[in-house]
Amino acid sequence: MKYLHTICLLFIFVARGNSRSCDFCHNIGKDCDGYEEECSSPEDVCGKVLLEISSASLSVRTVHKNCFSSSICKLGQFDVNIGHHSYIRGRINCCEKEPCEDQLFPGLPLSKPNGYYCPGAIGLFTKDSTEYEAICKGTQTKCINIVGHRYEPFPGDISYNLKGCVSSCPLLSLSNATFEQNRNYLEKVECKDAIRLASL
């Protein structure tokens, strides 16, 4: 069930834009074939995003080609340690001309716990999932908390939240509240210092 929620969440994060034309497709794996779609402001560039959920030795990757705003393009990549030996990672590449090149995933770093932790959570259809302790590793000294929603004709307003350890705070901007369909909106982006584990 956790993987089903995560895959659904990955598709939500990569929301479609609606006058530039870009390839538009989603798929499980490394590549996809789709169709050309006109973009609308503020989605003004074409992009390709690779997303991965890893848990222990198992991983699932998805690919998304779409219209994006330049602010999303600046993110470049992200790696979130959500706890329980699980990660959500993304590689974003935007381009002026198709096809956009890939940014490959390196192997997960063999990092050791660094003495810090963050609240960890991943939730779909909720903005307040049950938290657990995500043990930070390596250079992860920040806690990320992202809450947002995507409005669809059916089933309607899809809420989501994501919490975990990160190495640096992403430059993400909050979105204006709206009920326009097929759009992804960030309601909360918090990034704080990780919490030091109590000495035994």
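The backbone N, Cα and C atoms fix where each Cβ goes, and this holds for glycine too.
Feature annotation from Swiss-Prot assigns disulfide bond to Cys22-Cys46 (among others); the stated evidence is similarity to another entry. Cys46 (disulfide bond) counts 27 other C-beta atoms within 10 Å of its own C-beta, drawing on all protein chains shown.
Every protein chain shown contributes to the tally, and the Cβ of Cys32 (disulfide bond) ends up with 16 other Cβ atoms within 10 Å. Under the DSSP three-state reduction, Cys32 (disulfide bond) is assigned to coil, being neither helix nor strand. The disulfide bond feature in Swiss-Prot is assigned to Cys25-Cys32 (among others).
DSSP assigns Cys39 (disulfide bond) to coil in the three-state reduction, outside any helix or strand. Annotation comment: Swiss-Prot describes Cys39-Cys67 (among others) as disulfide bond.
Per Swiss-Prot, disulfide bond is recorded for Cys73-Cys94 (among others). Non-local contacts of Cys73 (disulfide bond) by the CB criterion (under 8 A, 6+ apart in sequence, same chain) comprise Val45, Gly47, Ile92, Cys94. Under DSSP, Cys73 (disulfide bond) is assigned to a helix (H, G or I) in the three-state scheme.
The feature disulfide bond is assigned by Swiss-Prot to Cys95-Cys100 (among others). Note on Cys95 (disulfide bond): other Cβ atoms within 10 Å of its Cβ, all shown chains, come to 14.
DSSP assigns Cys143 (disulfide bond) to a strand segment in the three-state reduction. Residues or ranges marked as disulfide bond in Swiss-Prot (evidence: similarity to another entry): Cys118-Cys143 (among others).
Look at Swiss-Prot and you will find Cys136-Cys165 (among others) tagged as disulfide bond, backed by similarity to another entry. DSSP assigns Cys136 (disulfide bond) to a strand.
Around Cys191 (disulfide bond), a 10 Å sphere centred on its CB holds 15 further CB atoms from the protein chains shown. Taken from Swiss-Prot, the feature disulfide bond applies to Cys169-Cys191 (among others).
Annotation source Swiss-Prot lists N-linked glycosylation site at Asn176.
For 1-19, the entry in Swiss-Prot reads signal peptide, with the evidence type sequence analysis.
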* Out of the disulfide-bonded residues listed (Cys25, Cys67, Cys95, Cys100, Cys143), which are within 10 Å of Cys191 (disulfide bond), Cα to Cα? -> Cys143
* Structure fact -> Quick note, Cys143 (disulfide bond) and Cys46 (disulfide bond): C-alpha atoms separated, nearest Å, by 30
* Check the Cα-Cα distances from Cys95 (disulfide bond) to the disulfide-bonded residues Cys46, Cys67, Cys136, Cys165, Cys169 and tell me which is shortest. => Cys46
* To do: Name the secondary structure element type, per DSSP in three states, that contains Cys94 (disulfide bond).
  => strand
* May I ask for the distance between Cys118 (disulfide bond) and Cys32 (disulfide bond), taken between their Cα atoms and rounded to an integer number of Å? => 35
* Structure fact -> Cα of Cys32 (disulfide bond) to Cα of Cys46 (disulfide bond), in Å and rounded, measures 15
